[in-house]
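Encoded as structure tokens, the structure appears first; notes follow it.
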Amino acid sequence: MSCGFIHLILGPMFSGKSTELIRLVNRYQIATYNCRVIKYSKDNRYGNDAVYTHDKCYISAVSTDSLFDIKDTLDDVDIVGIDEGQFFNDIVEFCEYIANKGKIVIVAALDGTYERKPFGNILNLIPLSEKVTKLNAICMICHRDASFSKRLSDEKEIELIGGKEKYLSVCRSCYLT
């Protein structure tokens, strides 16, 4: 049995996680691998049939809120890309299952909430990943490297999907002010 591997791409809002996911999947597509990208069904800001970056670059995708619900559609797939991995409750078990089937899994996800706490169980994927990439954004206040996402509203729910109208990428100093 050939084993696949897991590549986890982490970072705050606006750090280029989805852009990197799209870039990596496109490389595999050029090399004629059969690829499938999965997106979180509740993130429909730009549409339901593709993963979009904030600057409207996109790649075709299937939407779901449970990864295992679509596992049977992946038999002929070599590469599985997952965007917004932090929102999937079954992300850890699914990625391990798919990688153990010999497939390459690339996951883009926020590592922390707007409160700088672990987002869902995404950090539990780190010990199972062969490669972990941590991206930084640019602080939208002082323009230094930004490692955190700061919410602009007083809404308290963890799952609040949005872009620049709801979040800033910030450095430590600007997060605390």
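The first residue you see is number 1, and the count goes up from there.
Glycine is no exception: its Cβ is also placed from the backbone N, Cα and C atoms.
What Swiss-Prot lists as active site, proton acceptor is E84, and the listing cites sequence analysis. DSSP assigns E84 (active site, proton acceptor) to coil in the three-state reduction, outside any helix or strand. Long-range Cβ proximity for E84 (active site, proton acceptor), meaning a same-chain Cβ under 8 A and a gap of 6 or more residues, is found for K39, Y40, D43, A108, A109, L110.
Taken from Swiss-Prot, the feature ATP binding site applies to G11, P12, M13, F14, S15, G16, K17, S18. F14 (ATP binding site) has a Cβ environment of 21 other Cβ atoms inside 10 Å.
In the shown protein chains, 23 other C-beta atoms lie within 10 A of the C-beta of Y114 (substrate binding site). For Y114, I158, E159, L160, I161, G162, the entry in Swiss-Prot reads substrate binding site, with the evidence type similarity to another entry.
For C139, C142, C171, C174, the entry in Swiss-Prot reads Zn(2+) binding site. Long-range Cβ proximity for C174 (Zn(2+) binding site), meaning a same-chain Cβ under 8 A and a gap of 6 or more residues, is found for C139, I141, C142, A146, K150, L168.
When each of the binding-site residues M13, C142 is scored by how many other Cβ atoms sit within 10 Å of its Cβ, C142 comes out lowest. Distance noted between the C-alpha atoms of S15 (ATP binding site) and E159 (substrate binding site) is 19 Å.
A Cβ within 8 Å of the Cβ centre of G11, P12, M13, F14, S15, G16, K17, S18, the residues given for ATP, is found for these other residues of the same chain: L110, L135, A137, S169. Classification of C174 (Zn(2+) binding site) by DSSP places it within a helix. Look at the binding-site residues G11, P12, G16 and count other Cβ atoms within 10 Å of each Cβ; G16 has the fewest. Rounded to the nearest whole angstrom, the C-alpha distance between E159 (substrate binding site) and F14 (ATP binding site) is 17.
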